[in-house]
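S.K.: Here's a structure for you.
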Amino acid sequence: MLASSKRMNSSSRSQILLRWKSDKAQSGPYNVEKEILTSRFLRDTETCRQNFRNFPYPDLAGPRKALSQLRELCLKWLRPEIHSKEQILELLVLEQFLTILPGEVRTWVKSQYPESSEEAVTLVEDLTQILEEEAPQNSTLSQDTPEEDPRGKHAFQTGWLNDLVTKESMTFKDVAVDITQEDWELMRPVQKELYKTVTLQNYWNMVSLGLTVYRPTVIPILEEPWMVIKEILEGPSPEWETKAQACTPVEDMSKLTKEETHTIKLEDSYDYDDRLERRGKGGFWKIHTDERGFSLKSVLSQEYDPTEECLSKYDIYRNNFEKHSNLIVQFDTQLDNKTSVYNEGRATFNHVSYGIVHRKILPGEKPYKCNVCGKKFRKYPSLLKHQSTHAKEKSYECEECGKEFRHISSLIAHQRMHTGEKPYECHQCGKAFSQRAHLTIHQRIHTGEKPYKCDDCGKDFSQRAHLTIHQRTHTGEKPYKCLECGKTFSHSSSLINHQRVHTGEKPYICNECGKTFSQSTHLLQHQKIHTGKKPYKCNECWKVFSQSTYLIRHQRIHSGEKCYKCNECGKAFAHSSTLIQHQTTHTGEKSYICNICGKAFSQSANLTQHHRTHTGEKPYKCSVCGKAFSQSVHLTQHQRIHNGEKPFKCNICGKAYRQGANLTQHQRIHTGEKPYKCNECGKAFIYSSSLNQHQRTHTGERPYKCNECDKDFSQRTCLIQHQRIHTGEKPYACRICGKTFTQSTNLIQHQRVHTGAKHRN
């Protein structure tokens, strides 16, 4: 219990408990308004659902027609034209979950407007936790508790939901919202209007759960009050369960008005064991209810007092009517027969919100008006649906920062940002989260579950957001636009990263060397240089990499996949960066310029490498011999000298090489290809370096100079070999006798002494 109490702070707990208790009390105008505002199932949605759920089999129409009608009803309810498959599935699961909840819990959970089944589960769990914590307190405060339950306190902690289930056999009367006359007078107009809607919503909720076996009289009264008048005129309807009875005549009202009409209040009482009574020709109608709160029974069923004047009697009734309801119906007292036509000229149907509705609605007419914003509607269900938008206004405020939320569950999740509370822990790795939804997403890493599938390419994703982002690759949608340069992006994160190009912001700092980066991913990649961590391993050759992108690129060597194709020449490449580099050969674009010497490059990486020739920076160091390099690829190539790795193998002769470029050059020996041609003499070469060296014979250029003796060379390799004279370095050692040499050619000649091979002239 101590562990569970840490999961939720006292503020969240008190808010949920207060709401739970106030919802159960159902007393006072505040509770009535909350009951109405938090009603989830509106009449129009429930009507579509009930039409589908309760569709009877038409014997005369036949099975094919029945199936067609059933399909049409289902489409009206689920609306697949605006809902995805996942949303429809979530709707069905949420509906069934709310259905199986105990009555009081279901009412409270619905009042929180859960948008998903996961959110509904969280609400039930949080409520369960609070009620379990409240149970021991209530038991200690109670002084007149009978004999202690032999099951102990644990009986409530584990069985309170079951106790509610045992009380599930409720009637429409059990969910009625009753208020007193004093409460009614204290309510604001908007509260009174919303109070009326709760009857219809409660009724449809009961029907959806299969708990209502007949349609109470008050339902058609509220849905179509002009039909009630018609029912009064034409006689009782078995469908409404009305019962016509003789009633003791009330004082003759004809004296009260020249037009022989009188007023009847169709009581907005929410007790549903109603009986509609009639006194006969020219008589008065009244609705009897089992009196709860206030009702017409307390107004109209009084004995006639002959000592009171008729006008006084009428004034009493009239005042009571206006106190208790906004629904006043006048109808002609001259009922010569049951089929007499209602006198529209004299009749008025005065409803504060809905205007005149006793007659047929004309085209373009909108008789139903919202008292909150004044918007008008043609249909009553549309008004109910609209009023729910006011009901869903944010009402839960964070005491720390003042932010408001529509759902209390959202407030609870938000407050954990302030407290740092992370109650949801992964049993696999121990990682904790502030929200259950985040834990669910995280657990898919362990299970490998990817429930969201792209309909275009079939690719699966673990998160819906990832699927949405992926689908933009098919649609080409780029909704995020840079205000500086107009460039658009498919991801908001890409836009944020791009904007740092304009601002120069580099918020991510390496704690080891102080280097800054514009993107967090670049910092993470950089930090692996310090740690030497390489968590990504190739299953083919067991080579390890520091980044997942490097592993993906490497795996294309084994698969031979070349998924990036040039639209100009059709050439395919294994890496997107290689394609981008290649495309510059068509455009000739060199947008990256060195600020020191003005040299231009087609790639930013080439510019970065070039800068190091000015700065002398060599950040890549060999851990074996300590030699440093300006480029990571040079370090990788150098390390193969120590480990002897030669991953690039010729498919024709089987010869292996440390570098892919060397293999490419070698394969030209088999093909005879010499792609590099001298423009001066027409001589062709296999290697570009050979062409560069050859061209210096025409130009006389000797760009490589020794710092010791100022001697010039046309080739870098010649300079390196020369510098070993000054340093005395002999890097080439014979593995048999250990003798060292300054040049590799000298080592090769020496090794023939051991092998007996003769040099070929």
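Cβ atoms are placed via backbone N, Cα and C, with glycine included.
Sequence annotations record features per position, and here Swiss-Prot assigns domain 'SCAN box' to 49-131 based on sequence analysis. The domain 'KRAB' annotation in Swiss-Prot covers 170-238. Swiss-Prot lists 134-154 with the feature region 'Disordered'. Summarising the annotation, Swiss-Prot assigns zinc finger to 368-390, 396-418, 424-446, 480-502, 508-530, 536-558, 564-586, 620-642, 648-670, 676-698, 704-726, 732-754 (among others) and lists sequence analysis as the type of evidence.
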S.K.: Do the zinc finger (536-558) and the zinc finger (480-502) share at least 3 Cβ pairs under 8 Å, sequence separation 6 or more?
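M.R.: No; fewer than 3 Cβ pairs under 8 Å.
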S.K.: Hey, which bits of the same chain come close to the zinc finger (676-698), Cβ under 8 Å, at least six residues off its ends?
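M.R.: Contacts with the zinc finger (676-698): 665, 668-669, 714-715.
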S.K.: Tell me the residue counts in helix, strand and coil for the zinc finger (564-586), as DSSP assigns them.
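M.R.: Counts, helix then strand then coil: 11 helix, 4 strand, 8 coil.
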S.K.: Taking only the residues in the zinc finger (704-726), give me the average pLDDT of this model.
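M.R.: Taking every residue of the zinc finger (704-726) together, the mean pLDDT is 87.
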S.K.: Sort out the residues at least 6 away from either end of the zinc finger (704-726), same chain, that have Cβ-Cβ distances under 8 Å to it, and list them.
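M.R.: Here the qualifying positions are 693, 696-697, 742-743.
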S.K.: Under an 8 Å Cβ to Cβ limit, what residues of the same chain, 6 or more beyond the ends of the zinc finger (424-446), are close to it?
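M.R.: Same-chain contacts beyond the ends: 118, 121-122, 413, 416-417, 462-463.
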S.K.: Take the zinc finger (564-586) and find every residue of the same chain, 6 or more past its ends, with a Cβ under 8 Å from one of its Cβ atoms.
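M.R.: For the zinc finger (564-586), the list is 553, 556-557, 602-603.
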